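Working notes, beginning with the structure itself.
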Amino acid sequence: MPGPTQTLSPNGENNNDIIQDNGTIIPFRKHTVRGERSYSWGMAVNVYSTSITQETMSRHDIIAWVNDIVSLNYTKVEQLCSGAAYCQFMDMLFPGCISLKKVKFQAKLEHEYIHNFKLLQASFKRMNVDKVIPVEKLVKGRFQDNLDFIQWFKKFYDANYDGKEYDPVEARQGQDAIPPPDPGEQIFNLPKKSHHANSPTAGAAKSSPASKPGSTPSRPSSAKRASSSGSASRSDKDLETQVIQLNEQVHSLKLALEGVEKERDFYFGKLREIELLCQEHGQENDDLVQRLMEVLYASDEQEGQTEEPEAEEQAHDQQPQQQEEY
């Protein structure tokens, strides 16, 4: 697989070495890790699945491995959809490639998951990791998508871990790593009330004084029974009306959420296309392309806002030059 910058070996063949700015050469190395084809240019060892690679871990073993390495309390593979665990793995494998202060270890919402995967993408770029992160699939919390990615990441970890000691709790600097909620968990968790407690006779039984020995308890009149049954029927109708209204609200919120998700996926696809175009022309050392890449990989909104005016100024300055060339 070709490297980012290629050079020729003494015999005239392409050996995929990297020539740095100071003229030094980083030799290309080829690795084989558990049947994987992996390549390295002095940074991360890239791992690519092949047909002979069938060794995988079960869902329980892979979660136990994640919890043991980075001291988390995950119970399901789907909880890896927050991206926080991967960010800490990258800090462990390549110290300094990611800032754990910006990682949302208590992420519970999808936009927070995307924020973490954005940081992960930036760290992949810094370490020349070629793996494409399927963010739009992972943040949905589906089992198979997250299982496939963590299986690949386990092989990537085995290829790059050098055995150094690492304290994940200290590296998080006191941030509580709370597992994200299980996907599909109900938002509304209303406590159930016992039928006996809501019955009109229960309150009457509690409030009635103890009968004296020898005295005959008086029976409730027919008027009282009718009024109690009428109030119970009215309360049941009110509850049914509330249930209908809540169901309508839930339905409308689901429709709104689906619309927002479609819009998000649409713009995410556009950004992905821009990213691929920038990567294709990244070797041309175009300043505008570099600034666009910095905006795409910005770790927070403030960085993107501060970089956007500069990119626009550079684009405006370059337009007259391009017109003159044509």
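Backbone N, Cα and C atoms are what each Cβ position is placed from, and that goes for glycine too.
For the residues TYR39, TYR113, TYR166, Swiss-Prot attaches the annotation phosphotyrosine to TYR166, which does not rule out the feature elsewhere. Per-class residue totals from DSSP over the region 'APC-binding' (258-301), listed helix then strand then coil: 37 helix, 0 strand, 7 coil. In sequence order, MET92 constitute the residues six or more apart from TYR166 (phosphotyrosine) in its chain with CB-CB distances below 8 Å.
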